[in-house]
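Participant: So that we are looking at the same thing, I have put the structure below in structure tokens.
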Amino acid sequence: MSGIVVVFDFDKTIIDLDSDNWVVDELGATDLFNQLLPTMPWNSVMDRMMKELHEQGKTIKDIEQVLKRAPVIPRVVPAIKAAHALGCDLRIVSDANLFYIETILKHLGISDCFTEINTNPGYVDEEGKLRIRPHHDFHTSSHGCSSNTCPPNMCKGLVIERIQASLAKEGKKRMIYLGDGAGDYCPSLKLKEQDFVMPRKDFPVWKLINENRDLVKAEIHGWSDGEEQEHILLQIIKTISMEDNQFLSVDCKFQTIPINAVHEAMPKALPVPY
């Protein structure tokens, strides 16, 4: 399974809400957030909100405690652990920020399952204040994406293209991408025919993919809840492993390579693509 790369979005794909809204709401700053949002990009608003919360006496510890209470989609953590145990290369591509993501992954005990986190920088400065920066510095130049679904601070499609270039050098072949938001549409368009995209049903990326199916080369498998996500993800991994095993059997002059242990850990049937 070392040739399989699984890329997760974070908000509403691993945790079951938007992490920015969760922190703002839980710390009682919703009204100020709503006042600022029409005046600047989302990423800039969140950096400003962290400054305001710091001035109100909210600490990094307060933010961490809120993040640790964030509801996680049921069965996602076992799915991540299973995919990692099977040898898949797991990565995150998210428009949240590094501080949020690392805090939650560590709390869930799955930090070591991921080889890479691509997101907006988030760090604690010398004053003890959380700072949130854009993944791409849109203040100096545009990321150049022609899609109107990508925010100015991050084009996930460009991130996927970079990952794809690195995978070619590493000899890895297949990618599975899971996401929910409009920002997950652009990376879905970058996937190849041998790849898989798992959009969350009835969320923005699901609508965009269904409206533009001819533009999506990857095989599409929608999911609506954590149980369905786990089942489909592990079954896709099983399907890929069986295909690879067939190729290996040919290369080894039809000698069978045992993968029974892998198959026993996975679901028995893959739903028809949506």
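Just so you know, glycine gets a Cβ as well, placed from its N, Cα and C.
Bear in mind that TrEMBL entries carry predicted annotations, made automatically and left uncurated.
What TrEMBL records for Asp9, Asp11, Asp180 is Mg(2+) binding site. Per TrEMBL, active site, nucleophile is recorded for Asp9. Positions annotated as active site, proton donor by TrEMBL: Asp11. The substrate binding site annotation in TrEMBL covers Asp20, Asp95.
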Participant: Could you tell me the C-alpha distance between Asp11 (Mg(2+) binding site) and Asp20 (substrate binding site) in angstrom, no decimals?
Facilitator: 9
Participant: Within the same chain, and leaving aside Asp9, Asp11, Asp180, name every residue whose CB is within 8 angstroms of the centroid of the CB atoms belonging to the recorded Mg(2+) site, in sequence order.
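Facilitator: After dropping the recorded site residues, what remains is Phe10, Lys12, Thr13, Ile14, Ser94, Gly179, Gly181, Asp184, Arg200, Phe203.
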Participant: In sequence order, which same-chain residues at least six apart have a C-beta under 8 angstroms from Asp180 (Mg(2+) binding site)?
Facilitator: Asp9, Asp11, Lys12, Thr13, Pro199, Arg200, Phe203, Pro204, Val205, Trp206
Participant: Given the binding-site residues Asp9, Asp11, Asp20, Asp95, which one's Cβ is surrounded by the fewest other Cβ atoms within 10 Å?
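Facilitator: Asp20, out of the binding-site residues Asp9, Asp11, Asp20, Asp95, has the fewest neighbouring Cβ atoms within 10 Å.
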